[in-house]
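Student: Relevant sequence annotations retrieved from Swiss-Prot are reproduced here:
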BINDING   K21, S22, R26, S163, S164, Q165, S191, D306, K333  3-phosphoshikimate binding site
BINDING   K21, G92, R120, Q165, R337, R379, K405  phosphoenolpyruvate binding site
ACT_SITE  D306  active site, proton acceptor
Amino acid sequence: MKKVIITPSKLRGSVKIPPSKSMAHRAIICASLSKGESVISNIDFSEDIIATMEGMKSLGANIKVEKDKLIINGENILKDSNYKVIDCNESGSTLRFLVPISLIKDNKVNFIGRGNLGKRPLKTYYEIFEEQEIKYSYEEENLDLNIEGSLKGGEFKVKGNISSQFISGLLFTLPLLKDDSKIIITTELESKGYIDLTLDMIEKFGVTIKNNNYREFLIKGNQSYKPMNYKVEGDYSQAAFYFSAGALGSEINCLDLDLSSYQGDKECIEILEGMGARLIKNQEESLSIIHGDLNGTIIDASQCPDIIPVLTVVAALSKGETSIINGERLRIKECDRLNAICTELNKLGADIKELKDGLIINGVKELIGGEVYSHKDHRIAMSLAIASTRCKEEVIIREPDCVKKSYPGFWEDFKSLSGILREE
């Protein structure tokens with residue numbers, strides 16, 4: 001599919017929110033590190049999740065697919081030291097989580113990928129490799145990382161403002177090493193919510209880590225993961241698209257959301273309420289955001305970078321000025337998301353100025369429409385689809401298939417909510 005052509009209309013109806021990609025990554029990893037059989041249910045087989053499944057299989061996990069379930073047995077994880085190739089596709093989570101895991105025992109591994117993945121920072125791990133004399137080589141731009149050796153317990157100093165994925169990768173790994181370890185966070189920690197997800201999942205699988213106010217993490221060695229059955233909860237980062245559409249006037253009931261979730265992207269509710277939208281709890285695990293008199297605000301992107309593109313859509317149609325701050329990390333995602341969402345929404349008639357680490361958005365009453373480009377980024381494509389609900393004319397989105405990275409059923413769900421689109 002080269003493009004979708006959307007006729008502007010309000011979305012109406014109920015939608016089952018897809019399972020959390022963040023939680024699924026973590027559950028698959030913990031189950032694969034457990035000695036015994038786990039069943040992980042409510043899986044959405046997006047490209048990123050498939051990359052993590054295949055990566056853990058390469059490391060020795062036995063993973064069987066039964067409909068939306070995974071039967072995982074980690075008895076043979078890292079049992080052999082044969083050369084391994086792990087294809088991360090475009091998944092930053094797969095790459096950064098599995099690099100340290102692959103070094104639990106002496107190993108020789110080649111990580112490959114595509115798209116923008118090779119441009120995303122890995123210096124945190126390179127510094128650890130050098131300190132521990134782990135051999136490594138890599139190619140600039142394209143992801144082709146070769147590593148050889150094993151990780152040892154001890155003290156790890158990690159910056160908290162690059163990516164929380166490095167910290168999560170170490171949190172998965174260090175409990176399985178012989179010696180005790182300590183992770184010291186040397187800067188302000190961004191995306192704390194993702195660390196909470198990791199700690200919660202690790203604890204569910206029987207591993208204990210002491211969190212000293214996110215400044216350091218104390219990890220006893222020689223622990224083991226215990227198999228369990230786990231159902232993946234609904235994804236707030238995907239619900240954010242429908243919440244935003246609701247704030248802009250659509251009427252959508254979002255199903256399968258855990259109100260007690262640790263997901264950091266749940267913050268989208270608080271942000272939208274702060275702008276003037278209203279939250280309606282329809283029934284258990286069912287939420288709607290209702291349109292209100294929307295006003296500009298200040299949005300700190302440091303703790304919830306993934307929902308910034310669609311919140312920019314809402315801000316573009318709110319009264320007054322909205323500032324997106326602390327968003328420099330959005331430049332090193334699947335694309336430069338600050339530039340992409342600014343460029344494409346301005347094509348539709350928005351008034352957005354791009355800054356080094358954020359955006360200044362002056363709200364307009366309506367968007368016009370036109371042809372835009374997804375930048376092959378799933379969150380940009382879905383954000384532009386939500387923007388179309390408030391356009392006067394058709395919106396043409398080029399390269400829409402990129403949604404398969406995280407939400408393969410997005411366009412079908414969009415149509416099920418009375419979205420009017422045709423594919424070419």
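Including glycine, each Cβ sits where the backbone N, Cα and C put it.
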Student: With the 3-phosphoshikimate site defined by the record as K21, S22, R26, S163, S164, Q165, S191, D306, K333, how many Å span the farthest pair of C-alpha atoms?
Tutor: 20
Student: Which one of these binding-site residues, R120, R379, has the sparsest Cβ neighbourhood, judged by other Cβ atoms within 10 angstroms?
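Tutor: Each of the binding-site residues R120, R379 was scored by Cβ atoms within 10 Å; lowest is R120.
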Student: Determine the most Cβ-crowded residue among the binding-site residues K21, R26, K333, R337, K405, using a 10 Å radius around each Cβ and all protein chains in the structure.
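Tutor: It comes out as R26.
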Student: Starting from the Cβ of G92 (phosphoenolpyruvate binding site), draw a 10 Å sphere and report how many other Cβ atoms land inside it.
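Tutor: Excluding its own Cβ, the number within 10 Å is 20.
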Student: What number of additional C-beta atoms lies within 10 angstroms of the C-beta atom of Q165 (phosphoenolpyruvate binding site)?
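Tutor: I get 23 for this one.
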Student: Taking Cα atoms as reference points, which of the recorded positions K21, R26, S164, D306, K333 is nearest to R120 (phosphoenolpyruvate binding site)?
Tutor: K333
Student: What's the CA to CA span in angstrom from S191 (3-phosphoshikimate binding site) over to D306 (active site, proton acceptor)?
Tutor: 10
Student: What residues, ordered by sequence, lie under 8 A Cβ-to-Cβ from S164 (3-phosphoshikimate binding site) and sit at least six positions away in the same chain?
Tutor: L189, E190, S191, K192, Y194, I195
